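**Student:** One structure is given below, represented as structure tokens, and several questions about it will come after.
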Ligand code: PBG
């Protein structure tokens with residue numbers, strides 16, 4: 001009879017042994033919860049392709065922010081659905097814009113909760129692109145000015161971190177310069193450094209009403225086939241002054257998270273996007289997957305790949321689950 005010399009199972013025998021040698025931890029402290037804020041009062045409208053996720057009016061968003069804080073989660077990221085859209089996305093930087101109102105209301109009621117704001121134009125432009133259209137194309141440098149204004153207006157409203165998600169070239173540098181000029185040296189930039197042109201954003205575009213009305217985002221978001229380019233994008237954003245670099249989506253791009261982890265010392269975030277959430281929810285509804293276990297495993301995998309921070313629609317559910325353990 002053959003006897004194995006080394007037996008990895010020895011350290012898997014009991015939960016105490018497994019916990020002692022566990023390499024990766026999933027804690028609420030690493031999670032950011034996304035909120036979609038819309039006009040009106042007492043609005044709480046569920047997004048059909050994202051069960052458990054709602055479009056919230058400012059008053060409801062404040063209620064939600066309190067709950068998030070009480071659950072021990074450190075941060076929310078805000079997305080706005082404006083009253084009206086135009087060619088230039090001017091509601092994105094309006095003083096009384098939807099995100100500006102939500103930020104100041106949340107900071108007033110829950111000052112210790114970190115408020116991150118998504119800086120992009122796609123929710124605010126009538127054409128649904130992430131920038132200004134000139135001669136049928138998204139014009140990079142014109143867009144930078146709109147993004148810089150938007151970021152400064154979020155900072156003015158009280159945002160702790162601004163998160164540009166547009167993928168224009170040079171936007172981190174331009175935003176850093178504008179923030180510093182306006183006296184917001186301490187507002188951090190979480191850049192969506194590596195954002196792929198992914199089909200996993202579908203449910204988000206329903207939630208934020210931000211699907212492009214013509215064409216697609218391939219001229220600015222990254223080609224899913226590219227990994228080396230991800231390193232170039234990340235190093236550019238770091239040189240330009242990003243404080244945290246993000247990979248998005250998360251689970252289909254774990255190799256990219258790992259590659260960035262090995263190359264850079266900056267904190268790394270990953271965005272478990274709407275489509276990743278919707279897949280798990282849908283399979284669970286059909287009884288094909290155990291939702292709770294898959295939720296925890298997917299997030300643990302993203303941490304194991306090297307992400308410090310995860311933006312996830314599961315954040316509240318995870319917090320409740322971890323509390324009960
Ligand atoms: C805005 C933005 C998008 C997401 C985050 N910020 C949509 C897009 O680029 O089309 C997607 C998030 C998700 O799918 O959960 N540009």
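All residue numbers here begin at 1 and follow the chain in the order shown.
Placement of Cβ uses the backbone N, Cα and C atoms for every residue, glycine included.
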**Student:** According to TrEMBL, 120, 122 bind Zn(2+); which one of 130, 197 is annotated to that same site?
**Tutor:** 130
**Student:** Can you list which of the recorded positions 195, 233, 313 have their Cβ under 6 Å from some atom of ligand 1?
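**Tutor:** The ones that qualify number zero, so the answer is none.
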**Student:** For the recorded Zn(2+) site formed by 120, 122, 130, which further same-chain residues have Cβ atoms within 8 Å of the site's Cβ center?
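**Tutor:** Those within range, site residues removed, are 89, 121, 123, 124, 125, 129, 131, 165, 166, 210.
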**Student:** Could you check the recorded positions 195, 205, 217, 248 and say which one's CB has the fewest neighbouring CB atoms inside 10 Å?
**Tutor:** 205
**Student:** What does the structure give for the C-alpha distance between residue 195 (active site, schiff-base intermediate with substrate) and residue 313 (5-aminolevulinate 2 binding site)? Integer Å is fine.
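**Tutor:** One finds 18 Å between the Cα atoms of these residues.
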